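The following features are taken from Swiss-Prot:
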{"type": "COMPBIAS", "residues": "1-15", "note": "compositional bias 'Pro residues'"}
{"type": "REGION", "residues": "1-40", "note": "region 'Disordered'"}
{"type": "TOPO_DOM", "residues": "1-116", "note": "topological domain 'Cytoplasmic'"}
{"type": "TOPO_DOM", "residues": "160-171", "note": "topological domain 'Cytoplasmic'"}
{"type": "TOPO_DOM", "residues": "193-200", "note": "topological domain 'Lumenal'"}
{"type": "TOPO_DOM", "residues": "222-228", "note": "topological domain 'Cytoplasmic'"}
{"type": "TRANSMEM", "residues": "117-137", "note": "transmembrane segment"}
{"type": "TRANSMEM", "residues": "139-159", "note": "transmembrane segment"}
{"type": "TRANSMEM", "residues": "172-192", "note": "transmembrane segment"}
{"type": "TRANSMEM", "residues": "201-221", "note": "transmembrane segment"}
{"type": "TRANSMEM", "residues": "229-249", "note": "transmembrane segment"}
């Protein structure tokens, strides 16, 4: 029986146990590195409602890219209706039309709203409508009537200020424009009775007096005192000229 041979020394370790500040662990003694990372639940409070963020959202916010997730709130000013954007109040325009067509104080309308709260679109619509029924195949009448409305109102405004009236040009422009409504009302009547000269003339005079009274009762206040005829007369002449543009005289 042969004696056992010399035993071979064990192989050197793969890692040195201690190397300065680091400790190396052999692969045989290492723990299984598999596992999972729990993502904290992050909730946003948006308008009283809590919304759970995803891991991608959380990652972007932690890296300073949260601005990519921001959503702009709609500005209520950008969602206004078109009429409101253009400052068009149909109820207000309708009320002013009734005030002009029924100028008698006994009817109970607050007629001063036509002067104290002027608007542009209502008078412009009235003037354009009057221009359309006054065409007679000539589109230049439209621009001419608008020109007379603008500069005629300017003349009345300057005269009112010279006489001591406290009135703005926008107020005069609105009152003169709205007061064209009586001439629009008598237009279809003139088509019917146009062959009767006397009746037609009376209706024309009635329409002019109606329009001039509606405008003068709003523009000529108590501040004019004895100077009222000086302002009523040019208003009356202005509506005579408007009527002449319609009749073609």
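Cβ coordinates are placed from backbone N, Cα and C, and glycine is handled just like the others.
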Residues of the topological domain 'Lumenal' (193-200) by DSSP state, where helix covers H, G and I: 5 helix, 0 strand, 3 coil
Cβ-Cβ under 8 Å with the transmembrane segment (117-137): same-chain residues at least 6 beyond its ends: 86-89, 92-93, 96-97, 145-146, 149, 168, 170-171, 173-178, 180-181, 183-184, 187, 242, 245-246, 248
Close approaches to the topological domain 'Cytoplasmic' (160-171) from elsewhere in its chain (Cβ under 8 angstroms; 6 or more beyond its ends): 115-116, 118, 120, 153-154, 219-221, 223-224, 227, 230-231
Candidate ranges 139-159, 172-192, 229-249 - greatest C-beta contact count to the transmembrane segment (201-221) (under 8 angstroms): 172-192
PLDDT averaged over every residue in the topological domain 'Cytoplasmic' (1-116): 64
Secondary structure content, the topological domain 'Cytoplasmic' (160-171) (per DSSP, counts of residues): 6 helix, 0 strand, 6 coil
